[in-house]
Amino acid sequence: MSLYIGREASKLWKRFCSEATTEINLLAENWKYLLAGLVFQYMHAVAARGVHYFHRPGPLLQDVGFYLLPELGQEKAYMSETLFAFIFFSFFLWTFHPLVLKSKKIYTVLIWCRVLAFLVACQCLRIITFYSTQLPGPNYHCRMGSKRATLPRPHHFLEVFLINLPRGVLYGCGDLIFSSHMIFSLVFVLTYQKYGMRRFIKQLAWLLAVIQSLLIIASRKHYTVDIVVAWYTVNMVVFFIDKKLPEMPDRSIASATMLLPLSTKDKDGRIKEENHKLLNGNSGDPTDRRQRTQINGKILEDGNKFPADFATNAS
């Protein structure tokens with residue numbers, strides 16, 4: 001029994017090292033995109049903190065969702081955050097499953113490049129939207145009488161760039177249209193819908209996204225319009241950007257051939273090399289090294305042999 005466990009552990013470690021080497025090579029090529037996406041997450045947080053300075057509490061707006069869904073109250077407001085944390089960490093762990101599991105379809109580095117591209121595009125639209133019009137926040141700490149409803153004027157402009165985690169994120173006000181939680185949740189669900197391999201998990205993911213929407217409204221963290229706009233905006237952004245991005249190679253096929261996905265430079269170099277060989281009368285097969293001679297536009301396989309019509313004309 002111990003021998004079997006040791007042998008399986010050795011196979012798992014070798015697989016992990018092999019897949020990790022592949023991901024490191026991809027990271028060396030795509031680290032700039034990942035870094036840019038992560039930096040923009042900080043910029044998005046700064047923008048959300050900045051709009052908090054402009055927030056002015058007021059009476060709640062009339063909202064259909066508030067009439068239809070019972071209010072959970074401050075004691076149960078954690079439910080939406082708990083579900084969001086479950087969705088976030090489940091997707092995060094799924095993106096790293098190719099390092100240990102045999103059945104795999106994605107590359108961890110490449111999938112996060114796509115996810116960050118989707119997030120950045122949606123967050124750019126979100127920043128423009130919530131700076132255009134500031135609505136009175138429906139959350140409990142954003143209502144009239146709460147000390148957190150407004151931020152005191154900063155003594156120095158650098159204070160705007162200081163984000164107090166996690167309090168500065170959980171107790172923000174003014175960044176309403178549209179929901180940032182739904183941006184992350186829908187991007188994760190749409191990504192798994194395309195690259196995931198379990199139909200049941202796909203259906204469960206969509207169900208959790210719907211439940212997440214209802215819990216956010218019932219917790220009075222967003223108006224219904226914030227959720228509705230997020231649903232159609234994120235879907236459209238992901239649809240159009242996914243069309244522009246290059247298709248991600250299937251890792252299961254690449255693993256069978258023991259090949260890394262080609263970069264753009266590698267593809268261009270291979271195409272140029274093949275074209276050069278064809279122009280010189282050589283085939284793409286490196287083992288085919290027969291001498292070729294071109295006469296009157298015809299390529300001969302052997303320089304010592306001539307076509308019959310050429311010999312007849314010469315005589």
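Keep in mind that glycine also has a Cβ here, set from the backbone N, Cα and C atoms.
Caution: TrEMBL annotation is automatic and unverified by curators.
The domain 'Sphingomyelin synthase-like' annotation in TrEMBL covers 172-240.
Under the heading transmembrane segment, TrEMBL lists 77-97 (among others).
Look at TrEMBL and you will find 109-131 (among others) tagged as transmembrane segment.
Long-range contacts of the transmembrane segment (168-188) within the same chain: residues 44-45, 47-49, 51-52, 54-55, 57, 80-81, 84, 87-88, 91, 115, 118-119, 122-123, 126, 129-130, 133-135, 137, 139, 141-142, 148-150, 205, 208-209, 212-213, 216, 221-223, 225-227, 229-231, 233-235, 238, each at least 6 residues beyond the stretch ends and with a Cβ under 8 Å from a Cβ of the stretch. Per TrEMBL, transmembrane segment is recorded for 168-188 (among others).
Summarising the annotation, TrEMBL assigns transmembrane segment to 200-217 (among others).
Summarising the annotation, TrEMBL assigns transmembrane segment to 223-241 (among others).
Ranked by the number of CB pairs under 8 Å to the transmembrane segment (77-97), the listed stretches 109-131, 200-217, 223-241 are led by 200-217.
Confidence for the domain 'Sphingomyelin synthase-like' (172-240), expressed as mean pLDDT, is 95.
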